[in-house]
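Here is the structure we will look at.
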Amino acid sequence: LLLVRNELPAPGLNLAARSGSCHQCLYQFLAFVPPSDESLRKPGTASVMVDTQHPLTLLLNSSVGDRDLCKIQYHFGEFGNYSLVVKTLSTSTQTVSCDIIINEGPINSYLPILFAFLVYMGILAILIAGRLLMKIDPVRNWVYKKLNPRATDRMINSELGSPNTADSINCDPTPQSWSTGSRQRLRSLDTFRGLSLVIMVFVNYGGGKYWFFKHESWNGLTVADLVFPWFVFIMGTSIALALGSMLRWGSSKWKVLRKIIWRSFVLILLGIIVVNPNYCLGPLSWDNLRIPGVLQRLGFTYLVVAALELLFTRADSGTWEGRFPALQDILPYWPQWIFILVLETIWLCLTFLLPVPDCPRGYLGPGGIGDFGKYPNCTGGAAGYIDRLLLGEKHMYQHPSSGVTYQSTMPYDPEGILGTINSIVMAFLGLQAGKITLFYKDQPKQIMSRFMIWGIVMGVISAILTKCSKEEGFIPINKNLWSISYVTTMSCFAFILLLLIYYLVDVKKWWSGAPFLYPGMNSILVYIGHQVFANYFPFKWKMQDSQSHAEHLTQNLTATTLWVIISYILYRKRIFWKI
């Protein structure tokens with residue numbers, strides 16, 4: 001709450017504000033502050049609610065003549081009570097001072113995060129301590145005896161006490177395939193996928209209503225912007241491993257292609273019919289059905305990348321005997337790289353050369369009040385225009401993240417048509433990570449060094465494209481547009497993160513991958529389930545204070561943890577939902 005006290009005489013003041021996260025934005029009018037009553041010596045007052053997520057620039061000017069009196073930059077705290085006192089310092093020079101006074105201090109909105117962190121660390125410490133104690137024979141025997149005194153020996157030799165069986169991972173219920181697949185499957189891939197999925201579920205449930213767990217309004221990155229491209233990346237990695245495995249087991253390419261087409265079709269259908277519609281608004285209707293979506297993009301991306309890999313993959317991924325053996329995971333697949341470069345050229349040409357009515361060519365901005373309000377209906381430039389032209393405004397996402405900060409009113413879909421090209425590029429880079437693990441299997445140093453090289457290369461490309469700047473680069477990092485700099489940046493992070501997880505989980509075996517391993521092995525079930533049951537207890541309940549970060553964080557973390565527990569139970573029962 002900001003109370004403005006105006007001790008100046010007539011004519012009064014206009015108060016406007018601009019968010020620090022709003023690039024090149026117009027000031028937005030907040031309130032008219034009446035002049036002081038000199039006869040009663042009573043200042044004019046006005047109270048407004050102000051944003052606390054980002055620093056604000058407050059502008060006070062005269063209501064007549066539009067003369068700027070003062071400009072203040074300040075980062076207000078949540079639930080704080082402030083006063084802005086405007087007065088004349090010197091009657092001779094008419095010098096005006098504007099001072100902010102804290103009437104009531106803001107709360108520390110980050111304490112719930114600290115408390116939640118300590119709780120989860122406590123749980124982790126208890127689990128680690130319990131695991132270490134269970135390795136001690138007398139303790140383990142005593143626990144099993146207390147659990148079931150009549151069958152102590154059976155319990156000791158059961159699956160519960162057999163680390164070899166418990167550590168096995170595969171989706172095939174047959175015993176022979178189970179033991180064979182468990183030695184080949186990389187736990188780090190499931191762990192990486194599960195980590196991305198858990199963060200995605202938490203973010204989709206609200207992220208405790210913290211701004212950094214929401215998508216960035218336009219250019220830039222938040223935690224919420226990391227997870228979807230990582231999911232696409234690891235999907236590409238899995239394609240390389242899965243197709244090679246199916247071909248080695250004797251499946252024909254036509255049979256594999258039919259499976260690819262079927263899986264893509266099911267993913268797209270699930271996205272359109274199950275996940276996207278809001279059935280609370282009524283029965284499913286074509287009039288306002290959103291066509292793009294997360295599962296739709298995953299399905300189409302999977303179709304293109306898997307078909308591309310199937311066309312050139314070999315059942316035997318042995319050492320390449322051509323020139324430059326160090327590039328054996330790249331050179332034999334040069335047609336794939338040409339195809340990807342052609343796709344990226346199409347994205348660049350459409351983005352920067354396609355004429356968009358009433359918009360500058362190559363526009364990448366959010367529209368609305370951005371760019372000083374010059375292009376209010378140009379949200380997303382060519383990407384938005386293509387979607388509105390081919391899909392229609394009613395079949396797109398109606399509430400883009402740019403709507404709050406930039407006050408854009410045009411529908412814009414972050415999973416639109418043009419951005420799908422770059423999601424294919426993202427999956428293809430993940431496919432490259434999969435090829436590395438295939439070509440250099442049993443050579444962890446080679447795998448890790450190549451992950452590091454790819455991460456550095458992607459990081460350098462991102463630095464060049466963005467000029468290491470949020471707003472001033474050639475192509476800014478933008479999740480809504482799925483810009484190529486966004487793809488290279490997320491790929492850089494993905495290669496480095498996969499390197500770390502691979503080292504900890506598969507090389508040194510210091511970490512089993514838990515708890516992220518479990519949702520990573522049932523990713524489709526967890527994703528669809530968390531969407532379908534989002535508004536049902538125990539994933540959601542009525543809160544006492546909807547403005548409380550603590551209550552939102554408790555609810556969102558509880559819901560996310562429940563899905564991890566569900567995936568663990570399914571893992572223990574060897575139930576894996578595959579399409």
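Including glycine, each Cβ sits where the backbone N, Cα and C put it.
Feature annotations, courtesy of TrEMBL:
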| type | residues | note |
| --- | --- | --- |
| TRANSMEM | 110-130 | transmembrane segment |
| REGION | 161-181 | region 'Disordered' |
| DOMAIN | 185-305 | domain 'Heparan-alpha-glucosaminide N-acetyltransferase catalytic' |
| TRANSMEM | 192-212 | transmembrane segment |
| TRANSMEM | 227-248 | transmembrane segment |
| TRANSMEM | 260-279 | transmembrane segment |
| TRANSMEM | 294-312 | transmembrane segment |
| TRANSMEM | 333-354 | transmembrane segment |
| TRANSMEM | 417-440 | transmembrane segment |
| TRANSMEM | 447-465 | transmembrane segment |
| TRANSMEM | 485-504 | transmembrane segment |
| TRANSMEM | 516-533 | transmembrane segment |
| TRANSMEM | 553-571 | transmembrane segment |
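Under the criterion of 3 or more C-beta pairs below 8 Å, with sequence separation of 6 or more, the transmembrane segment (516-533) and the transmembrane segment (485-504) do not qualify as touching, having fewer than 3 such pairs.
At the 8 Å Cβ cutoff, the transmembrane segment (110-130) and the transmembrane segment (553-571) share at least 3 close pairs (sequence separation 6 or more) and count as touching. Proximity of distant same-chain residues to the transmembrane segment (417-440), defined by a Cβ-Cβ separation under 8 Å and at least 6 residues beyond the stretch ends, is recorded for 186, 229, 232-241, 244, 292, 297, 300-302, 304-305, 308-309, 317, 319-320, 328-330, 333, 336, 340, 343-344, 346-347, 350-351, 382-383, 386-387, 390-391, 446-447, 450-451, 454, 458, 480-484, 486-487, 490-491, 494-495, 498. Taken through DSSP, the domain 'Heparan-alpha-glucosaminide N-acetyltransferase catalytic' (185-305) splits into 90 helix, 1 strand, 30 coil.
Looking only at the domain 'Heparan-alpha-glucosaminide N-acetyltransferase catalytic' (185-305), the predicted model's pLDDT averages out at 89.
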